[in-house]
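Handing you a structure now.
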């Protein structure tokens, strides 16, 4: 009994496989009518034909005859010429359709169809799009949304017309697919995150496209977006340049302060004096004409960007040179400049003095060692001279006594 059941199951599987393999693929848009022709059937009654279908509406093969009638007529019915008519195909109509007909000469003809349905969604859109991105850190570009597709299809992102590959060069994509419980249509969402490179394109172009799950259907593309890319500027890159150098001028002179910020787009520049903001419009240049005592103090510039915190430069000191006085050597930025140079020269001078003292001490030690070595040599010479003198004195005495 079990063997017979297994054989029957295999026969059913093989019959279904044969139907699918030899079937003609038919694609129909959801909601539109579909007509399947029964090959070999007489165009007029009497007809000997039979339609069998296995779809989402049936648990097994459903048989339809030309006589028709019943609730199935609203779903599918046999036309007088033997064709099968579906007034409005839906997702449940996907499956296998087979027609077996015999002509008036008794020749049997079979027709096999594999029906697939589809629904093209509306044009996808990018929602929650960013107007500005920050270089060097992950940013959300936006979310691409496609609603009402069947099959689900896929969403893809593009940068300047070229496909973006997730998990490469700071690109990540978070996808979500939902299916409507009643219509069976799909809604796709794709969230794009990128890390723009420093020094890259300041206005990249992003777009998203929907590709249907069926061949021979063109992709649908969103309208492009062009967010700006802003590069955060480290504090040390906000430079304050003062003219004349040093910031010391005679009364009535002019001082020009320039705040240099190598960032795109350029941030707003505000000015501060002695830690208090100056009531001036944003400008990268501050000119102080006809310097007076009231203009003396410490100045700095603050670079402010819409999506970033303010960044302040180091301070520069502005002072007045009175007649007969020399300007301060340290009208420099944050105690640097000439003050730093003087400190470096002082350190080098100290090191040179120490080296000179060490050289003198070593020279004196060498002189002392040389004198200590010469002292014993002089003592030996004196002893030799004394011995010679003693030997010469007896000889002189003998020569004197032995005279005539």
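From the backbone N, Cα and C atoms, a Cβ is placed for every residue, glycine too.
So Swiss-Prot lists the following for this protein:
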type	residues	note
DISULFID	38-99	disulfide bond
DISULFID	144-208	disulfide bond
DOMAIN	227-317	domain 'Ig-like C2-type 2'
CARBOHYD	25	N-linked glycosylation site
CARBOHYD	81	N-linked glycosylation site
TOPO_DOM	364-404	topological domain 'Cytoplasmic'
Only counting partners 6 or more residues apart, tell me which same-chain residues put their Cβ under 8 Å from the Cβ of residue 25 (N-linked glycosylation site).
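Correct list: 113, 114, 116.
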Measuring C-alpha to C-alpha, could you say which of the disulfide-bonded residues 99, 144, 208 are within 10 Å of residue 81 (N-linked glycosylation site)?
none
Return the residues near residue 38 (disulfide bond), defined as same-chain residues 6+ apart in sequence whose C-beta is under 8 angstroms from its C-beta, sorted by sequence, else 'none'.
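Expected: 49, 51, 82, 83, 84, 99, 101, 111.
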According to DSSP, does residue 38 (disulfide bond) sit in a helix, a strand, or coil?
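Where residue 38 (disulfide bond) sits, the three-state DSSP reduction gives coil.
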Within its own chain, what residues at least 6 apart in sequence put their Cβ under 8 Å from the Cβ of residue 208 (disulfide bond), listed in sequence order?
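Within the chain, residue 208 (disulfide bond) has Cβ neighbours under 8 Å at 124, 126, 144, 155, 156, 157, 158, 190, 192, 221, 222.
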For residue 81 (N-linked glycosylation site), just count the other CB atoms lying within 10 A of its CB, please.
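Looking across every protein chain shown, the total is 15.
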Please report the number of other Cβ atoms within 10 Å of the Cβ of residue 144 (disulfide bond).
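Summing over all protein chains shown, residue 144 (disulfide bond) has 26 other Cβ atoms within 10 Å.
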Per DSSP, what is the residue tally for the domain 'Ig-like C2-type 2' (227-317) in helix, strand and coil?
6 helix, 44 strand, 41 coil
